[in-house]
């Protein structure tokens, strides 16, 4: 791994709102941050490649807490439908036709898109796990693989998916220099009966990993849960023991009450906030500010490209999420630009249980960082750099993305794979998958 000296930019380590270093320096060695701060006091790093960051913002890589990356294959297909109708009549039938090769190329395209917009880490729930892991390896992104597990077809269906998850974990966990890690991924309480959820919990304990699950995404889901179990999906999962003593990452959590929020806070469950997908599917608005006041860690997620249509947090989830949080509480001061940037970086890392490794530019942490070109019309002038990022910056403003100290995206080009081949393969597969 080469040594890097990134100098002359506005450095945002995300260690506090006051920590903004104009004409700052970031030093990278052996894939980790050595220094991030003012030029004065920066140690000398011999034999390093020097990167001029003048006119650019240097900040931690963005963390996507919830994604279905391979669903790039279905971008723009079956839009403008209600969630369950969309899943049951369009998405699930198309997914049933996908091959492992399709998923590899779809995930590779998702990774390419994310890296181009500054996302360096993502938590993915999809299948098959081997194809997802291989795409993470080849594109250079950092990814957590949670093989989606559905148990409505009976115990044998869930067990086969659990076996696949276990085998993929032993093949891939820690590979690609540690960029590939795993969670267990029960899809949701409405697709996983209690015995399947218990089996997922047991596998998570066996492998020593966390759990990723969709919870309380729609009003219909919550109402059905109350009819079936007499309680909310979150209370149901909690009472089954899934959230006790394990790291759980819960996607959506839109329709929650005070009891649900108390459970999330008590158990340290991280919440993935996907505002654009939730708005587009008319699922509702997550009470983000209220959750955070109660001590719940919340990070932005994109969901899949078939519901959000883009796998970008900058200029999309971050901007819409910040505005929505203000509108929901009727108070523009309840949620700040810094809050939004934190929810895309260090707080998102906490959601994933990775805050000791990523999410901020601190000595010893993984060298996952991005450079944003601030010399753009929509980023001029700069009165508040956090406001620029939260409300004005766009994915195309990212000019360099670094993962593990390696430049994986630079000036519009993926450096690890042929981006044109990825797009061509996805176009070919997508045309076949939606042919009815």
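Glycine is treated like the rest: Cβ placed from N, Cα and C.
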Discussion item. The Zn(2+) site in Swiss-Prot lists 66, 68, 214. Which one of 303, 331, 339, 368 belongs there according to the record?
Written reply: 303
Response to the item:
Which of 82, 134, 161 shares the substrate site with 95, 147, 187, 217, 303 in Swiss-Prot? The record says 161
Fill in: residue 214 (Zn(2+) binding site) versus residue 187 (substrate binding site) - Cα distance in angstrom
6
Worksheet item: Among the binding-site residues listed here (95, 161, 217), which has the Cα closest to the Cα of residue 66 (Zn(2+) binding site)?
Response: 217
Practice prompt. For the recorded Zn(2+) site, whose residues are 66, 68, 214, 303, find every other residue on that chain with a C-beta no more than 8 angstroms from the centre of their C-beta atoms, and list them by sequence position.
Written response: 67, 125, 251, 252, 272, 274, 277, 301, 302, 304
Discussion item. Roughly how many Å lie between the Cα atoms of residue 303 (Zn(2+) binding site) and residue 147 (substrate binding site), rounded to a whole value?
Written reply: 15
Discussion item. Around the C-beta of residue 66 (Zn(2+) binding site), how many further C-beta atoms are within 10 angstroms, looking at every protein chain?
Written reply: 30
Discussion item. With Cβ-Cβ distance below 8 Å and at least 6 positions apart along the chain, what are the contacts of residue 147 (substrate binding site)? List them in sequence order.
Written reply: 125, 126, 127, 128, 129, 132, 161, 164, 165, 168, 184, 185
